[in-house]
Amino acid sequence: MADKCSEGLLNGTVPGERGKQDKSVKRGNWGNQIEFVLTSVGYAVGLGNVWRFPYLCYRNGGGAFMFPYFIMLVFCGIPLFFMELSFGQFASQGCLGVWRVSPMFKGVGYGMMVVSTYIGIYYNVVICIAFYYFFVSMTRVLPWTYCSNAWNTPDCVGVLDGNLSSRAALNLALNATQKRTSPSEEYWRRYVLDLSDDIGNLGEVRLPLLGCLGVSWVVVFLCLIKGVKSSGKVVYFTATFPYVVLTILFVRGITLEGALTGIMYYLTPQWDKILDAKVWGDAASQIFYSLGCAWGGLITMASYNKFHNNCYRDSIIISITNCATSVYAGFVIFSILGFMANHLGVDVSKVADHGPGLAFVAYPEALTLLPISPLWSILFFFMLILLGLGTQFCLLETLVTAIVDEVGNEWIIRRKTFVTLGVAVAGFLLGVPLTTQAGIYWLLLMDNYAASFSLVIISCIMCVAIMYIYGHRNYFKDIEMMLGFPPPLFFQICWRFISPAIIFFILVFTVIQYRPISYNDYVYPPWAISIGFLMALSSVICIPIYAIYKVCCSEGDTLLERLKNATKASKDWGPVLAEHRSGRYAPAFSPSTESHLEVQPLQPEKRRSEAEAASPVQGSNGSAHSQDSRL
């Protein structure tokens, strides 16, 4: 009896409900729920957790920043995460198919695809740079340790150069009129990137980076070659091993002299900053962007869940794990930076950085001070690779799933591997310009504009469409039908009022705090910023364009009738398996709906045994005819 109960829970059935074969043979499902949770953790926990959150934390009041951060997590992060997971799981469709709930808003799904395309292009370039540093770290002496290389300038002052003591050399540089440049910074700018002087001056393709970009796309494709069946197995390693590396680096970091100073700099609360609106804006933005809301990935990953999976539980586990990882990574980063600041005799703020500057300049320089520095460098960049791949898997799967679900016929489902290959090849080709001498300028332009305020707009419209166009009562009934209980009152209030208000606050904050992008001392020209805004608008513009198209194509004599028909849920909205379509989703079969539904036998084992017991009818060619259990 206990075995049967445990089997029912593993199948995702609601307790007390008759056992069901809760699988979609046509689309496929996760092998088990651990695969889904690990994939979602790998998707949410990315490079930003390591190179952005610790910097935001110390810049916005240290420990005091944790208060608004967790407030935003509870009232915005977890509710939005739960909404997207439940949305995708209920319909078992990707970011396009789910908009059968209100066809006029399908442009939101296209906007998510555009955003995922932009992010997928430049995110893999960051991974390829991490691959490059990983490979060059396999040496006795890290190439950015000293200033005696061909690419170094007279301004270079290394902390381990033998001509001066490291502290005296640094103080000399700090007191001089020119700014000190470290060997890691010159290695990054003058050798790895061979940086040009302008975003319009592409220069030549950096062949080592191009080769690493090819490696990273091959790895992503091979891991997704069989969709979630293969990626679900890979994440057992890619989603868990970064925590092993973080722990190794943390243990090594806290044993170093000066580590406590760095950690205190990271955590010491400055309570006066709690009243600063910018701190709350940064907290809300970090929660929103780090969880991956409105990218389409959460909807896609949840669409491969079994219908009765408890996504409410999963959303809480994954969201808290993501934020805890950010906090934990801060200890790893600032313990090493504190050691470096102590070694140089300067304040921690002089060595702290974020983004590529932290990952490829500040932290690598700190690693040169450690014994057996190549080992720590290999571990650090291997961790960055795995963190990036976890997100990249979901970005690529989002695009592939959307294309396959949209076409929806057996031909493309059987050839999903070729769709994955096509998307990977296109992503590689589109990423080639980012490996040129001006590539880092374009990468940062895409990062700052392609996936910034457009995500906020997409998420806000999604909330409004589900809660107010489709109707909150309808959606709450859908969740109760799927999970066996309605969403808690807290989530109902957040979805209807609090979360949209916070999203709107993030949008206003982003507009008010807008500053033209720059990279170190380089200021982007107006034409480049215009391209950035066009990239941002290219995802948002999908929403009104498709809405106008849908209204024009809808039936009705007046504009109001067309609007009603365009926003009304289509007949094939609902659970994809016919056995789950009960109540108002009870199927009234027609040619338009039959093609979207998949019928499974309620007790396939019993049906199979009955078929075997019956005497098969032998045909003239000796073959036996048996009843097919699927429609």
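Cβ coordinates come from backbone N, Cα and C, glycine included.
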As TrEMBL has it, transmembrane segment corresponds, among 156-183, 240-267, to residues 240-267
Decide whether the stretches the transmembrane segment (417-443) and the transmembrane segment (36-54) have at least 3 CB pairs under 8 angstroms, with pairs required to be 6 or more apart in sequence. no
Rounded Cα distance, in Å, between Gly42 (Na(+) 1 binding site) and Asn49 (Na(+) 2 binding site) is 11
Alpha-carbon spacing, Ser290 (Na(+) 1 binding site) to Asn49 (Na(+) 2 binding site), which is rounded to whole Å: 7
Cβ under 8 Å to the transmembrane segment (449-469), counting only same-chain residues 6 or more beyond its ends: which ones? 80, 83, 87, 101-102, 105, 108, 111-112, 115, 118-119, 122, 288-289, 293-295, 475, 495-496, 499-500, 503-504, 506-507, 510-511, 517, 532-533, 535-537, 539-540, 543, 567
Proximity verdict for the transmembrane segment (489-512) and the transmembrane segment (316-341), three or more C-beta pairs under 8 Å: no
Whole-number Å distance separating the Cα atoms of Leu387 (Na(+) 1 binding site) and Ala44 (Na(+) 2 binding site) is 9
Interface present between the transmembrane segment (375-396) and the transmembrane segment (240-267) (three or more C-beta pairs under 8 A): yes
Verify whether three or more Cβ pairs under 8 angstroms connect the transmembrane segment (524-549) with the transmembrane segment (36-54), leaving out any pair fewer than 6 apart in sequence. no
